[in-house]
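Listed in TrEMBL:
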- 31-474: domain 'Major facilitator superfamily (MFS) profile' (DOMAIN)
- 30-52: transmembrane segment (TRANSMEM)
- 78-96: transmembrane segment (TRANSMEM)
- 108-127: transmembrane segment (TRANSMEM)
- 133-154: transmembrane segment (TRANSMEM)
- 166-188: transmembrane segment (TRANSMEM)
- 194-213: transmembrane segment (TRANSMEM)
- 286-306: transmembrane segment (TRANSMEM)
- 318-337: transmembrane segment (TRANSMEM)
- 344-366: transmembrane segment (TRANSMEM)
- 386-407: transmembrane segment (TRANSMEM)
- 419-439: transmembrane segment (TRANSMEM)
- 451-471: transmembrane segment (TRANSMEM)
Amino acid sequence: MEKNPNSREAAAAALGTKVLPSGPEGGRKLFQYLGAMAACLFAVCMGTTMGWTSAANRLVYKAEDTDLDGKLFSESEYSWVGAAMPLGALLAALPTGPAITRFGRKNMMLSLSPIIFLAWLLIIFAQNAYMVIVARFVIGAAVGSISMIAPLYSNEIAHKSVRGTLGGFFQFLHTCGVLFAYILGWAISGDLTWISVICACVPLVAGFAFFFFPDTPTWYLQQGRTEQAKKALVLFRGADYPEELLMEELNTISADIKNAEDSKKSMSEAFTTREAKMGLMLSMNLMLVQQLSGVSAVIFYAGAIFKAAGSTLSAEVSAIITGACLAGATLVSLFLVDRLGRRTLLLVSGIACIICNVVLGIYLYILVRTEKQGSEVMQPYGMIPILTMGLFMVLFSIGYGPIPWLYMTEVFTVDIRSAAMSVATVTNWAMVFIVTVAYDPLQSLIGGYSTFWIFAAIVLAGSVVVAMFLVETKGKSNEEIQEELKGRRPAAPGAV
């Protein structure tokens, strides 16, 4: 198909851009970055919801009554305040799959913005803990859907050369949301109502930013809206993107959709293929290891580790330092994932998490055994756990932090993608719920040091699966990925 260069120049001029060199890596990626960033702003909602519990937790254990309405949560009520959010998320993840296929990625995301806002209002005006628990459940259901839709949207608008970077935006903005909530907890200490008011504004900002972007070309083609699909792809690739490559991308997506329709398989039959089972197993493994890597335990013990090292930092400042490390390292991962690949980063991240969990477990074991001799006994060694904790957070954040959300969007064909991602997302939130409910009783039963060793064993098992079975997806088309999941190399492997 011959392209008219004058039309390219005219289209570029209309959009106020220059015609860039042709080629697979040519054209603009600005709107891909902006679109993914706008979608993943909803991840900030998830982060603030999770970080909010840190401020609430400190009020539970304060002597004075200073919570939302002058009444303190009881410890049992607070445990459900924490657990309601992941419970709502795991229950909402499964129906999200068919819903986004029917109503679209954009419409679903925008509908969640007012729901989250209204739930925050319920928290702000809550008269008792039960109203807070209900509101947290509703927010959890919304962010459970977001955790599936936002990564999918980023994947479906991304050129394969930046798919990893855009896929990492979700985890990065999630950690930014947690950090933002920690900073609010420090700056507005003791006033949970105003913290909640500010958190309530986040979904409105996210919804406003995302409103101006179209749905994905994939969804438009699934609905038979070819012209809208082309317009969306032109926006995300730029008017300077070669017409042949634009049509090639649209034709590839259309062919995937047609193949899925022509196969006429039921959903259960579609999941019986080797590539579907392998993709689901690998995605679930990554989600499980992400939540059972020990990151929750590291955050939980951060204040105690700083204190044991002789630090005079408050719990609020310790939390901010921890959150800043997670957010900063996740930002670094955005520049690495499309250069080093998913498999390499996961293996490095896994090895680091194993070593750090073992070291922190040993340190806490010795700390407990020397408790009667006074905290000064361990102070000379206080930098060891701090450095170990820092290393853990950095290397967790370049691998097991962002990549599970990215990987689940890459390994499924279009016919089962939504359903398979629902299962992977449910796995993640089920693990969050289990850790939230079981962690305190478990560490009381067997000791905090033992929980670190259990996490190390889980990461070791998950890393063996990664080393033996994980298919590298960096720079590859979905067709190439499916061929490798079937157990054979594609004839022409993709390259970055």
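Including glycine, each Cβ sits where the backbone N, Cα and C put it.
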Selection from 78-96, 108-127, 386-407, 419-439, 451-471, the stretch that has most Cβ pairs under 8 A to the transmembrane segment (30-52): 108-127
Among the ranges 78-96, 133-154, 166-188, the one whose Cβ pairs under 8 Å to the transmembrane segment (194-213) are most numerous: 166-188
Close approaches to the transmembrane segment (108-127) from elsewhere in its chain (Cβ under 8 angstroms; 6 or more beyond its ends): 39, 42, 45, 68-69, 96, 99-100, 134-136, 138-139, 142-143, 145-146, 149-150, 153, 193, 196-197, 199-200, 202-204, 206-207, 210-211
Contact set, same chain, for the transmembrane segment (419-439): CB under 8 Å, 6 or more residues outside the stretch: 79, 82-83, 86-87, 89-90, 93-98, 144, 147-148, 152, 267, 271, 276, 279-280, 283-284, 287-288, 290-292, 296-297, 300, 404, 408-409, 412, 451
Mean predicted confidence [pLDDT] for the domain 'Major facilitator superfamily (MFS) profile' (31-474): 87
